[in-house]
Structures are given as structure tokens and as C-alpha cells.
Amino acid sequence: MAAATSSFSPAIPAPSSTPSKTHLTPKSLRFVSVSCVSTRSLKAQATRPDNAATGSALGARMVSVPAIKSPTSLDFETSVFKKEKINLAGHEEYIVRGGRDLFHLLPDAFKGIKQIGVIGWGSQGPAQAQNLRDSLAEAKSDIVVKIGLRKGSRSFAEARAAGFTEESGTLGDIYDTVAGSDLVMLLISDSAQADNYEKIFSHMKPKSILGLSHGFLLGHLQSIGLDFPKNISVIAVCPKGMGPSVRRLYVQGKEINGAGINSSFAVHQDVDGRATDVALGWSVALGSPFTFATTLEQEYKSDIFGERGILLGAVHGIVESLFRRYTENGMNEDLAYKNTVECITGIISRTISTKGMLAVYNSLSEEGKKEFEAAYSASYYPCMDILYECYEDVASCSEIRSVVLAGRRFYEKEGLPAFPMGKIDQTRMWKVGERVRSTRPAGDLGPLYPFTAGVYVALMMAQIEILRKKGHSYSEIINESVIESVDSLNPFMHARGVSFMVDNCSTTARLGSRKWAPRFDYILTQQALVAVDNGTPINRDLISNFLSDPVHGAIEVCAQLRPTVDISVPPDADFVRPELRNSSN
């Protein structure tokens with residue numbers, strides 16, 4: 001391993017001894033990247049924005065890390081795929097469109113790669129391994145996709161059932177697989193990566209490529225003053241959805257020109273000039289409708305933050321809070337469930353996916369708009385309060401350390417018992433949900449309840465604003481706050497409840513959702529709903545800003561790049577975690 005260093009750059013490729021035609025280069029990076037290490041030395045400075053809100057339950061206060069005004073814009077060069085420029089809210093970005101008609105380019109993108117090792121069989125591992133295998137077969141490539149698992153792992157049986165076997169050389173031990181692979185896709189849990197990265201690095205071949213689907217490991221290494229070995233390339237392809245969605249949409253799109261989950265990609269180190277094309281080939285092989293550039297640091301900040309926010313934790317918290325409010329105010333339980341969960345995961349998600357947030361508001365009656373505005377005005381800043389805290393916990397690596405420590409508490413130690421994750425769908429609300437779903441007509445998207453819509457859209461806009469102020473690109477903002485939520489995750493809660501959504505995700509996501517959902521439940525109950533009940537005036541500036549926000553135009557552009565089919569989650573889904581199959585909830 002290379003000597004440890006505490007100096008980091010924002011996913012800029014390391015200089016290569018060979019001139020490269022395919023590398024990721026930052027364009028207009030008008031921000032100072034703050035690593036986890038240096039963040040600890042910052043002194044918090046509380047400030048109030050010039051346009052601080054009035055008439056709301058809570059004014060927004062931006063603290064600690066200075067707000068970043070200019071979104072990141074990244075350019076890249078590829079000799080294999082066609083790069084396309086798009087304009088999102090006045091910011092130029094570059095993407096690569098996917099499609100099955102590009103599979104014939106995969107051998108060129110993966111030039112020099114004979115074996116791809118997929119390490120792990122959790123949320124992303126099964127989906128990515130099968131998609132890669134199928135795409136390479138269609139491209140008539142002889143590249144081997146091999147699964148690497150811990151000896152004695154129960155996942156061996158699952159991998160064999162998916163067609164990977166020891167006899168064919170496509171299934172084996174983790175470290176044997178790492179040592180024999182030219183591209184090592186490290187898809188084990190984040191806490192396992194933190195505990196095993198040294199041994200994994202030591203088994204990698206010089207000039208091989210480490211592939212990640214999450215920037216968590218970079219954040220962990222930053223937090224302890226280390227970096228990746230300098231003799232390997234480091235890339236990331238990060239699908240903006242849970243593994244089961246990645247596989248399901250790929251399968252659904254086999255009869256047309258592709259369908260899948262959008263992905264971001266990053267090149268952190270490029271030792272021989274191949275990294276960008278390999279990353280783009282990986283994304284195309286997964287079935288990504290479009291792939292956008294990011295940095296590994298920006299990815300882990302937006303991703304870990306997003307799943308604790310609207311993607312998982314926050315949406316869980318707000319439906320719990322609203323269900324309790326509606327039933328306490330006399331609404332019957334079935335209707336309360338329909339007006340919370342079914343409303344968000346059905347009609348609101350479908351409308352936002354195809355037409356955007358403004359279409360939700362514009363579809364309401366005049367009375368409905370007033371109710372929406374009251375809920376939006378009261379909820380926006382309380383949601384932003386928790387979201388901002390969460391982002392800074394991620395950026396400072398506090399949340400990363402929390403995940404690592406939580407993973408170690410899954411096992412007995414220091415004379416204390418093990419504390420694995422508990423169930424989150426056994427309360428009265430989720431039992432009501434089982435009953436509602438059992439009588440739901442096929443294709444029913446539920447009611448559009450204005451108050452619920454106002455709270456949910458306020459949460460979405462608050463998350464967008466945090467990411468925007470922190471300098472994330474619009475493509476990343478929209479995927480992490482909008483597309484992943486309505487196209488990948490909410491359909492799973494619509495199908496079988498909150499656990500089916502949360503627990504089909506990564507361990508890091510599951511932990512974060514459980515940790516932060518109660519925070520959103522509490523602050524909405526204690527601040528937003530109290531403000532409504534007290535008749536706090538609607539903040540007209542907030543409503544005006546929502547209606548005129550440039551993000552709506554950017555979402556419209558991204559909607560044109562959405563998957564070619566809507567995800568279908570059947571009752572007998574076999575592409576989800578084994579323990580969640582055939583679950584009534």
C-alpha cells in the first residue's frame with residue numbers, strides 16, 4: 001500500500017505515466033473541497049441568510065461549512081461512447097445515454113479486462129453481476145464475471161441459483177477472486193469495506209481497477225488520514241436506486257432498447273488511461289438510461305445524505321407523523337393510510353416522475369392549493385433544519401463513523417450482546433397498510449391529499465436546496481432527491497410497505513433510515529404541525545420561490561431521460577432480498 005497521506009483532491013484522476021485520452025477532468029470547479037479530516041478543524045460560524053424567512057415555524061440557519069453557490073460541473077473524454085451536453089437550470093453538464101444498442105461497444109470499453117470480480121451478494125451485488133453477465137453475453141464477449149464471497153457465506157446458494165458456479169469458474173472465495181480480477185467491483189457492505197480494505201488492496205494486481213458503487217470507502221479513508229494505493233485505478237459507478245430496482249428494470253427493458261436506473265460515475269485515480277471508458281462501459285452494461293459525472297467525494301456526501309433524507313428516512317418519518325395526526329383528528333385508519341403512504345407512493349410519485357412537482361400543485365383545486373401552501377410553508381424549514389444537520393454529519397464523516405461502529409455492534413463484543421437491526425413495520429399503521437393493500441384495485445394510485453402533498457414537496461425542495469447550496473451538480477441533485485425517490489424506491493413501499501422499501505437497500509441506507517426517520521417525525525409533529533394548528537401565516541416568499549424555482553425546468557429535462565418503462569413490483573418478486581420474499585408487508 002502507498003504511504004498514507006492526508007491531502008485529498010475532489011476525485012481528480014492521479015497523474016498517469018501514460019498520456020490518457022480517456023479521463024475525467026473537473027470543469028468550472030468553483031469551490032474548495034473540504035475533506036473529512038480538515039472539517040474537524042473548522043470552527044462553526046452561525047449566520048442568518050439575508051432573505052431569512054418570516055411567518056414560518058423555523059428560520060433557516062446555515063452553519064459550519066460555508067455554503068457553496070456554484071454547482072459542480074464536470075467534463076470528461078471518452079473514445080468509445082458518445083458524450084452529450086445538456087443544460088440544467090442554466091448549467092451545462094455532460095452525459096452518456098445508454099441502451100442495448102450500445103452493448104456491442106462493451107468489448108472496446110473493457111479492453112484489457114479478462115475477468116470482472118463482483119465482491120459481495122447484498123443489495124447491489126446480485127443485480128449488477130447478472131446485468132453485467134447478460135450484457136456481455138449479448139455483446140459476445142468472453143469476459144468472465146465471477147462472484148467472490150466469504151467462505152461459508154449463505155449467499156453461495158443464492159449465487160448458484162442465479163447461475164454462478166464454482167465449476168464454471170464464476171463463483172469463489174473473495175480473495176482468490178480479487179487476486180484474479182482486472183476489475184474488482186467491491187459491493188460488500190460499507191462497514192465491511194472499512195474493516196477489510198487493507199487485505200483487499202493487498203490482493204489486487206498492479207494496474208487493476210477498483211470499482212465502487214458508493215464513495216463511502218473514500219470517506220472512511222479520509223477520516224483516518226489514508227488514501228487508495230497509487231498503483232491501481234479507482235472508479236465508481238453508482239446506480240441511483242436499490243439493487244432490486246437495477247435488476248428489475250433491466251429485465252423489464254429486455255424487449256425494448258433498454259431500461260434501468262440512472263447512474264453517476266467518477267474517476268478517482270487513472271493509472272493507465274482506461275478508467276473513464278471502463279466506468280462508462282460498466283454503467284451502460286448495467287442498463288443505465290443515462291450516466292452523469294460526479295466526484296467520489298460528492299457522491300458519498302449526496303448519497304448517504306439522500307437516503308437519510310427524502311429517499312428513505314425522511315419519507316418514513318413524515319408518513320408516521322401524518323398518519324398519527326390524521327387519525328387523532330378523527331380520520332379512519334384506512335383513509336389515513338391512503339392519504340399518507342398511498343398518496344405519496346402512488347399519485348404524487350407518478351405525477352412527479354412524469355410531469356414534475358409543479359404538476360402536483362397545479363392539479364389541485366383552489367382550496368386544495370391553500371391547504372398545500374399551509375403545509376408547505378410550515379414544513380419547509382423544519383425539514384431543512386434536520387436535513388442540514390444530516391448533511392454536515394455526513395460531510396464531517398461523523399455519519400460514516402456511526403455506520404462503521406453500528407456494523408460492529410451486530411456481533412457480541414466487550415461482554416455486551418449483539419444488536420442487529422430490528423423490524424420497522426410491525427406497528428398499527430403498517431398493519432393497516434396490509435389491509436389497505438389487500439383490497440386495493442390493480443393500478444390504483446391512491447388519492448391526492450393536498451396537505452400530504454405540501455409536506456412531501458416541501459421536504460423534496462428543502463433537500464434540493466441543501467444540495468444546491470453545497471455545490472452538487474443538478475444531475476446529482478435531481479437524481480438523489482427526485483428520480484431515485486419516485487422511480488426506484490417509493491414503488492417498493494407502495495407494493496408492500498416501509499420495510500420492503502428500506503430493507504431492500506444497503507446496510508448503510510437501512511441504518512441511516514432507522515436513525516433519522518424519528519428525527520423528521522419529531523420535528524414535523526413538534527414544529528410544523530403546531531405552526532399550522534396555531535394559524536401561523538403562510539410564508540408567501542416560500543411559495544413564490546417554489547413556483548419559480550429553476551429546478552423545475554431541470555427536472556423536465558431529466559424526465560426526458562427517465563427509464564423507458566415504469567418499474568413493476570409483483571407480489572412474488574424474486575429479485576429482492578431472500579428474507580423479504582413472499583412477505584405480506
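Any Cβ shown, glycine's included, is placed from N, Cα and C.
Model, not experiment: these values are computed from the prediction.
If you look up TrEMBL, you'll see 1-20 marked as compositional bias 'Low complexity'.
If you look up TrEMBL, you'll see 1-24 marked as region 'Disordered'.
If you look up TrEMBL, you'll see 96-294 marked as domain 'KARI N-terminal Rossmann'.
Its Cβ placed at the centre, E480 (Mg(2+) 2 binding site) has 28 other Cβ atoms within 10 Å. The Mg(2+) 2 binding site feature in TrEMBL is assigned to D303, E480, E484.
Mapped onto three states, the DSSP output places D303 (Mg(2+) 2 binding site) in helix. Every protein chain shown contributes to the tally, and the Cβ of D303 (Mg(2+) 2 binding site) ends up with 27 other Cβ atoms within 10 Å. The Mg(2+) 1 binding site annotation in TrEMBL covers D303, E307.
What TrEMBL lists as substrate binding site is S365, S506. All protein chains shown were included, and the count of other CB atoms within 10 Å of the CB of S506 (substrate binding site) stands at 23. Mapped onto three states, the DSSP output places S506 (substrate binding site) in coil.
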(request) Look at each of the binding-site residues, E307, S365, E484, and point out the one with the fewest other Cβ atoms around it within 10 Å. (result) S365
(request) Compare the Cα of E484 (Mg(2+) 2 binding site) against each of the binding-site residues E307, S365, S506 and report the nearest. (result) E307
(request) Compute the C-alpha separation of D303 (Mg(2+) 2 binding site) from S506 (substrate binding site), stating it in Å without decimals. (result) 11
(message) What whole-number Å value do you get for the CA-CA distance of E307 (Mg(2+) 1 binding site) and E480 (Mg(2+) 2 binding site)?
(response) 8
(message) I need the CA-to-CA distance for S506 (substrate binding site) versus E480 (Mg(2+) 2 binding site), whole Å please.
(response) 15
(request) Round to the nearest Å and give the CA-to-CA distance linking E480 (Mg(2+) 2 binding site) with S365 (substrate binding site). (result) 30
